[in-house]
Amino acid sequence: MFCKEEEPYEFPENTFGTNELLPNYQQNCTDGEAISDTKSDLAYLEVEITDAHEESNTDKPFTCTECGKTFTRKPNYESHIRAHKGEKPFSCMVCDKAFAWKSNLLVHYSVHSGEKPFSCTECDKTFSNKAQLEKHLRVHTGEKPYSCEQCGKSFAHKCVLDSHQRTHTGDKPFSCTECGKKFSQRGNLHKHLKTHKLDQPHLCAECGKTFSFKSTLLEHQKIHSEIRPLSEFGKTFSDAHNLLKHQSTFTEEQKPFPCTECGEIFSNEHELLTHQSTHTEEQKPFPCTKCWGIFSNEHELRTHQSTHTEGQKSLPSTESGGTFSNEHELLTHQSTHTEEQKHLPCTECGGTFTNEQELLAHQSTHTEEQKPLPCTECGEIFSDEHELLTHQSTHTSPSTEFGVQTTEDNHQSPSKDHTGEKPFSCSECGKSFFYKSVLKDHLVVHTGKKPYHCIECGRSYTHQSSLKSHQRTHTGVKAFSCNLCDKLSIISKLRLHYRVHSGEKPYPCTECDKTFTKKEQLESHYKVHTGEKPYPCQQCGKSFSHKSVLKLHLRTHTGDKPFSCTECGKTFTRKPNYESHLTTHTGKKPFSCTECGKEFAWKRNLEAHYKMHTGEKPFTCTECGKTFTWKSNLRSHYTTVHGISPIQYACTEEDVNVIKTEEGDSFSYMVTLEN
């Protein structure tokens, strides 16, 4: 839309099945004032979309030969056919954009008018059309009408369901134009593109903006091809860039890109993608090279790095005289002085790094479908193959400072990591390797020999390095310390510990997309999906998924309440309940919502409140399948809809089962815990 001094554009009568006009676009830019509509009192075109399913009791004589869908009314059938043919007969008279349905065109016109007449009564956000408002309301109601047929998970919006279903189908429609890697989510592709640390050689001759990729430049140049003469609209500008900057001050309310999670609307796709990252726990592509911290955007990273002040630097470099905060930072710096600098390549994007710490921090940005790789010798787990290969070399010969083997075999094919070639194959199991030395190391697995024995407990190991690592469990020596919090451990546990600081969770659940720091956590979590309950109660026969839950359950038989309040003498079975109770005496509300700032005295209340923002509905009615955000709503539903009046809901667990038992012509119900 351009700033234009002319008569209001009047759409031909009955163009859209109405005699009303769209809000006109008479605007004055000569003084740089904000745009204002001259006929704001005109009625807004509210779009009412009729659902053909309302006439569910009538016949549907119109059948689509392409997909078999049936329709009651011929106009709906004809509109549907256009979706298959790709026809778009309804064009916008302002920007020439075309649509298959008239209703979509009417919705689109609100982009040009800037009006948002539909307000949310819960949070005062406004929207251009009724459909956007209805989608947004699901944030408050928690409604999730779109269910995945594969796993039963529900979603508030169809586009989110479509995105989720790709995790089942494996479809990856978004490809990187630089390296060909494919992704199931557009957001992951955008994050991946940032890993191509390239210069920006592609210059826009119109505005001087530079781009890393030619394709991005070509896409950008389209905005210049639609620019009218710079002096046409009154105010003049020296170049197109300044005109675009000027026009942006008048289009602040025209934001056609809605967030499907919270309903907020943005001016362009980049702003939308940046915002959507705040809703996820996904990868954070900006690692701090000083302390393993990883951040969502460059601004957060720079703010964090300012905490590494000059006053905290006490370790001097013998080469340059510079001082550093910790040993990790000093070693990273010193590696830049050596002539035999080790370039460790990233197998995902080809980037090279000075040391293993930098490489590990970088590789945490490649979280798309990471698969844990175990070392066959000692069981240590790694997140990528290059890291595993580097580790395996420590089982065969002395390693360099960075743990990279320097035998002649390992220098035969320096480009193998980039080509993916694995020329050395095991004749026993067919497994292939990059290096001959790693193959030799692997062959020991098939011999079964374990010549290294622990004199303390008699345990045997294939390699001496594994034995030394094991012996530290007897001596108490912890040779490796975390340079962030001074915790000590063996190297394998130290790597696990670093994930506390980096936030890396390389073990994904294939059932529900949750991720975990440790393999043991993932295995424990799987019991939720399998229903395995290996810990039975000897008193009542009830079984539990985890031993800790069984211990808590046993207190219901013994009556043990070990946690006592010193203020009022009240006792509690569980420590979290005791700690929550203490806040009733202090009046403190230590739990605050990061979304709206509301404070709560108890964590469970905060967690329940969060569901209002996330739309989560974990409580399901076993009678009709309806889901609810809060347990109290489920109880009310059982009573008012199904006539069920449970005697008590005394449990403090998250989930509730209502078991229906048939007794002749009647039914009885029993409320139980879901472990």
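Here the Cβ of each residue, glycine as well, is placed from N, Cα and C on the backbone.
The compositional bias 'Polar residues' annotation in Swiss-Prot covers 304-325 (among others).
Marked as compositional bias 'Polar residues' by Swiss-Prot: 390-407 (among others).
Swiss-Prot lists 408-421 with the feature compositional bias 'Basic and acidic residues'.
According to Swiss-Prot, the region 'Disordered' annotation covers 302-325 (among others).
Under the heading region 'Disordered', Swiss-Prot lists 390-423 (among others).
According to Swiss-Prot, the feature zinc finger maps to 90-112 (among others), an assignment based on sequence analysis. Counting residue by residue with DSSP, the zinc finger (90-112) contains 11 helix, 4 strand, 8 coil.
Positions annotated as zinc finger by Swiss-Prot: 118-140 (among others). The predicted model assigns the zinc finger (118-140) a mean pLDDT of 81.
Taken from Swiss-Prot, the feature zinc finger covers 174-196 (among others), and the record attributes it to sequence analysis.
The DSSP breakdown of the zinc finger (202-224) into helical (H, G, I), extended (E, B) and coil residues amounts to 11 helix, 4 strand, 8 coil. The feature zinc finger is assigned by Swiss-Prot to 202-224 (among others).
What Swiss-Prot lists as zinc finger is 286-308 (among others), and the listing cites sequence analysis.
Annotation comment: Swiss-Prot describes 344-366 (among others) as zinc finger, evidence class sequence analysis.
For 373-395 (among others), the entry in Swiss-Prot reads zinc finger, with the evidence type sequence analysis.
Residues or ranges marked as zinc finger in Swiss-Prot (evidence: sequence analysis): 452-474 (among others).
Annotation source Swiss-Prot lists zinc finger at 480-501 (among others).
Taken from Swiss-Prot, the feature zinc finger covers 563-585 (among others), and the record attributes it to sequence analysis. Counting only same-chain residues 6+ beyond the ends of the zinc finger (563-585), those with a CB under 8 A from a CB of the stretch are 552, 555-556, 601-604, 652.
For 591-613 (among others), the entry in Swiss-Prot reads zinc finger, with the evidence type sequence analysis.
Secondary structure of the zinc finger (619-642) per DSSP, as helix, strand and coil residue counts: 10 helix, 4 strand, 10 coil.
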